[in-house]
Amino acid sequence: MNNFINFINKNSFLKNIFQKENNIKIFKIITLSISSIFLIWLHFSVFGWHFSTKTKNQIDNQIKTLEGESETRLKRVFGNNKDILSKNTTWYQIKETFPSYLEGLKTTLILAIDSLIIGFLLATLYILIKNSQSNNKIISNINKGITYFLDTLFFILKGIPVAAQAMLVFYGIGYLCKDLFEIKRLYAGLFVLVINSLANITVILMQNIKFLDKGQIEAAHSLGMKKKQVFFSIVFPQTLKRSVPFIVQQFITNIKDSSFFAIIGITELSWQAQSNMGSTFNPILPFVMISFFYLSIISIANLLNKIFNKNIIYK
């Protein structure tokens, strides 16, 4: 063992290889740890530890917001002109409205990240079902039924804008199922993004599967590996590496599409901009602010994608 270690230390080429592998492992561990902590914090900051307490706090905050908006408008009409002018500056408005944009940013990230994760898992399951073969006719027919249903759903989604989908789910399905259950706005938006992510990621994965070397798959089958083993050991890992840049683009698409959900009252960034536009009487600044947030998120996503590709995919 000592001779092997000494041989590696003397050989600079092998030493660099081992160091790179360790760096990749460390990078993976750090990335997963930070991502997990961030996701846990994000979900608890939006939903809270107790839903009932969070709901009460949301109502109280909304009442305070409405009272603050009313007070601001009254001061504009009847207040001291000097005081109004001092509070009408751009920096003052940014300072006062910035916390509300952070709340909207949390909701936007929840919608984009959760829909991407759920859509990816469902897309993986769908591809596994679509490529599976069973001797049992009942299971085979169920698989075919699921495949036909999802293919039809994907075809329909391509022709309907996201805003229309959100209204159909929240108002349409919500009205039809009002006696059975109540659809919350956030869950309606999440459902729409999950379905769209499922459709797009499925297409991405299926396209990348076609580019795999069939010789590897045939060799695996000749060694006696089952179809599921071949999928998870050979097909899926290579397909995932090829698909990472496109999945990041889907995350960016989810960020942009979430802006349409202001139409059903979800308090994401666009909704906050419209609300602050009414309270500050400034039609430009709120949309400049959310443009800054959107640009920052997309730039960070692209940067992380480049780092991931450099340290993981092309190593």
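A Cβ is built for glycine as well, from the same backbone N, Cα and C atoms used for every other residue.
Pulled from TrEMBL:
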type     : residues : note
DOMAIN   : 105-305  : domain 'ABC transmembrane type-1'
TRANSMEM : 29-51    : transmembrane segment
TRANSMEM : 109-129  : transmembrane segment
TRANSMEM : 149-174  : transmembrane segment
TRANSMEM : 186-209  : transmembrane segment
TRANSMEM : 230-252  : transmembrane segment
TRANSMEM : 284-305  : transmembrane segment
Original post:
Under a Cβ pair cut-off of under 8 Å, which of the recorded stretches 109-129, 149-174, 186-209, 230-252 contacts the transmembrane segment (284-305) most often?
Top reply: 230-252
Original post:
What same-chain residues lie close to the transmembrane segment (109-129): Cβ under 8 Å, and 6 or more beyond its ends?
Top reply: 39, 42-43, 46, 143, 146-147, 150, 186, 189-190, 193-198, 200-202, 205-206, 209, 228, 231, 236, 247, 250-251, 254-255, 258, 261, 266, 268, 297
